[in-house]
Amino acid sequence: MSPLKIYGPIRIRSMQTGITKWKEGSFEIVEKDNRVSLLVHYNTGGIPRVFQLSHNIKNVVLRPSGIKQSRLMLTLQDNSFLSIDKVPSKDAEEMRLFLDAVHQNRLHAAMKASQGSGSFGTILGSRTSQKETNRQLSYSDNQASSKRGSLETKDEIPFRKVLGSPGRGPIKTVTGGGMAVTRTIPSLTLTSTPLRSGLLENRTEKRKRMLSGSELTEDYPKENDSSSNNKAMTDPSRKYLTSCREKQLSLKQAEENRTSGLLPLQSSSFYGSRAGSKDYSSGVTNLDRCNVSSQTPSAKRSLGFLPQPTPLSVKKLRCNQDYAGWNRPRVPLSSHQQQLQGFSNLGNTCYMNAILQSLFSLQSFANDLLKQSIPWKKIPFNALIRRFANLLIKKDICNSETKKELLKKVKNAISATAERFSGYVQNDAHEFLSQCLDQLKEDMEKLNKTWKTEPVLGEENLPDTSATKVFTCPVITNLEFEVQHSIICKACGETIPKREQFNDLSIDLPRRKKPLPPRSIQDSLDLFFRAEELEYSCEKCGGKCALVRHKFNRLPRVLILHLKRYSFNVALSLNNKLGQQVIIPRFLTLASHCTESTKPPVTLGWSAPVAISRPLRACQMMNSCITSPSAPSKKFTFKSKSSVTSCLDSDSEDELKRSVVLSQRLCDLPGNEQYQEDVEKDLKLCRLEPGKAELENSGFDRMSEEEVLAAVLEISRREASPVLSPEDDDKPTSSPDTGFAEDDIPEMPENPDAMEIEKSKTITEPGPASFTEITKDCDENKENKTPEGSQGEVDWLQQYDVDREREEQELQQALAQSLQEQEAWEQKEDDDLKRATELSLQEFNNSFLDSLGSDEDSGNEDVFDMEYTEAEAEELKRNAETGALPHSYRLISVVSHIGSTSSSGHYISDVYDIKKQAWFTYNDLEVSKIQEAAVQSDRDRSGYIFFYMHKEIFDELLETEKTSQALSMEVGRAARQAS
């Protein structure tokens, strides 16, 4: 049957990857064993993405996109969204009909009715294989380079098999369940020998596998019985082939010792077997690399020999001379996976990098921050929560330079509130963590207050709208817990409860007794919650002594413990580090510090019901099934003359004509004065409610340019709203995953003069008449018409040249001044960074010998030691490995400090990745894998901050991840079987 494959720009949106950019590629249908899959290939190479279609299609939409072209949009059951644009309308319609058949379970009936016809019956019509061949060959001819073409072929290798017949014939590329494309290539034939994959050749070897003498005698004359070919038997290349037979004999023994599953080498599979042992394991790929046009018409050989061997053709046989990739061994698939990369050190910012890596590893924290549709446009541009979320989203998909800029913005947002973190001085990681969490809570509190006071479009008809204006704070939901302090009078027993909220606990080092083994973090935690006596005046009986007990009133999802390893030295005015060994258990238990009324952690389920129930703008939706790259509301306002001119200045005359017609229609509207007043009102309304315009234009991504213009014109007639440029149609302003706009990354210009220049150029809210004048001026400038007046053409040209020269001089001067200022600023920043780095290295080297710390007692006489019974000690020891006791917490991250003082040294973080189910060490930019046992043993003297997750929450996240991975593997296995 004919293959079903279409080509064009592709964009995919899914829960795992977010939204991708438009990339050239193809959609290919694969059907086998009553299962239908969609393979997405990219021209840039890489592993094809597989999407199961059987019982998985939610919606199929086909829309026009240009002249005789269409855009096909496919929505799956998990709200994954696939789009392919610029597809010929006929091909797109056939694909839509096929997908509809799969959706309605009509595929197999249709295929059974048309079995053996080479088509999909009424679904696909009579598509011949030659037609598909022409389209595929013409498409491959239009590629930018042969490298891209080869990568595209490589991309399709895992799903193709090469079949053929002896002698001259077509090459069939088999795909999926019998779908094939026939390419007729003269003088080239592939036999039915399977691909010899897995045979790797030594890079140092430059020998060629040749045929044995008997095989050559049997096959070669039969394929070459013309006079020209018989003459070629005596030319120099014949001698070359003879000499190669001896080499073949030396390789014969090695060939016999290879895997028994591989078939013996045959004459016509010379290149096929060689390609199987190189980077490109497909015969089709090797054919693409052969220069077919250079062969003589009389050549009738099989693929094993080049026609009319000459020194030039012999040179071409040695492919390694032209392309080094032929000699390169096949790289394992695992090496193609993206290398993990941490955060760059901006200059003594290792404390920030370590804390950010530990926080970002908390999957529930990240979900609460990104998946509750926070209205980011209502949050100030430099707010920490906005910078924080932006870095969290892009840390795994952007390059190191972009990541460095995002880190600077996070640091600036912190420094704006806490000046001690400005500059490049080493700071305490725990202080940074506390400041970060407090600032995130403040930002969320401000957002909720703003959200309650401002009216939201579309909520007038919703019941109980006040309850829909609350967003969950990720810090409160995941990290905050509540402790109840009960003050009990020892005289009368009067109890006074007091509650206190914490984001983390600062616990003391437990005192170590020489004969006993080192204490653990469990001991320090129990030490914190021990009952203690204090002086307290009882209001009831006047007693002066009371007992204080501490119990958890509400548990967190993640418990952060700060181990106080520093003691202040009064003489030196320094915080000396205590290197006492503290055992790091895998599990902690809070059972002895909880009561029957203790509330468990907030259950998973990131979607706050009140926040999700509200009507969301498309730019805020994480899992929306419709992409909405509508322009920001600021683009709905009338722009300055210069900006409109630049917008209309295009090489396309049709676009200019459409703009002129649009402006004339606006001028023809009745009541220009009333129209101007309405425009001013709408502009003010857009400033107050920027989301309104976005809601009205959320569907522009699906429309063509003509439809967008018509829609905007209709809106302007009905509501007197400003006009949206059609050029903004295909420029997404936000990601459907998070709602962040693309302009979140660049900063505002720091030069105030540049901002003043922009303000001076802006014409405030011109009416339709002025818009028409601007368009006409643009038209005149584009046509280079001479203005009417008393001056002649020569005078006007001279004046034009003078003005142009003056403008160029002013532009050059401004550019030179800007470059000088930029260079001076960069030089100053580099000098500061260099000095800070040198200072950090010097302090680190001085304190490195002291980094191991002292194994002596903490020396804190005020700290009591915890005493356990033998049974309690044994139970705690077992729980440290199993987590069997109630309210157990599992270790998921450790922030360690290497050094002797808090103002020097270096911070690193060890993080457990739930998705990869492995531990990783983040040392600024370097990331390495580490075993959990190594974390527990290597950080017992340097561990500073510990993150423990509630065992039930951890198990639920881990089970969810395992289920997701198993499902992905099942889909991949089904796709491989279908191929």
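Every residue gets a Cβ built from N, Cα and C, even glycine.
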Which one of Ser89, Ser652, Ser964 gets the tag phosphoserine in Swiss-Prot?
Ser652
Candidate set Ser117, Ser138, Ser597, Ser650, annotation phosphoserine, source Swiss-Prot, matching residue:
Ser650
Motif 'D-box 1' according to Swiss-Prot, located in which of 71-79, 539-547, 836-844:
71-79
Of the ranges 160-168, 394-402, 448-456, 736-744, the one Swiss-Prot annotates as motif 'D-box 3' is 160-168
Once the DSSP letters are reduced so that anything not helix or strand counts as coil, what is Cys350 (active site, nucleophile)?
helix
Across the domain 'UIM 2' (806-825), DSSP labelling yields 20 helix, 0 strand, 0 coil
Rounded mean pLDDT within the motif 'D-box 3' (160-168) lands at 39
For Cys350 (active site, nucleophile), which residues in the same chain are close in space, meaning a Cβ under 8 Å from its Cβ, but six or more apart along the sequence?
Gln426, His906, Tyr907, Ile908, Asp924
